[in-house]
Amino acid sequence: MYRPTTTSYSPVYTGNPLYDISASQSDPRQRIRKNVRFQTEVDEFPDFDDSDSDELQFENRDPRKRIDPIKHMLLVQRLKRVSTSSRRLFIFTLSMFLIAFILLIAFVSFRD
């Protein structure tokens, strides 16, 4: 395999991908940066732990998996509405049972 000498390289490129600096972002020889999230792969172990994480459990760092804040806000508002209506229905049902129980006690006591 033919390998050009270092003098034939542009001064920007050393031939070592760890130290090459690309002339443009789209250059395929773009410098490989170490310890940059989403650019280097994380070492995964069989139990989904990763080597460079301080946490015990592997955390998926993919930004596409993050929750959309607007969807989350709308979901929380909907849950609040549902919980409020459920609470009102529960209180109404409980009060109806209490009134029926009081009427039953009154009916039984007046019958004697």
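Each Cβ is built from the backbone N, Cα and C atoms, and glycine gets one as well.
Of the candidates S24, S53, S85, Swiss-Prot records phosphoserine for S53; the remaining residues carry no such annotation there, which does not rule it out for them. What Swiss-Prot records as phosphoserine, among S26, S51, is residue S51.
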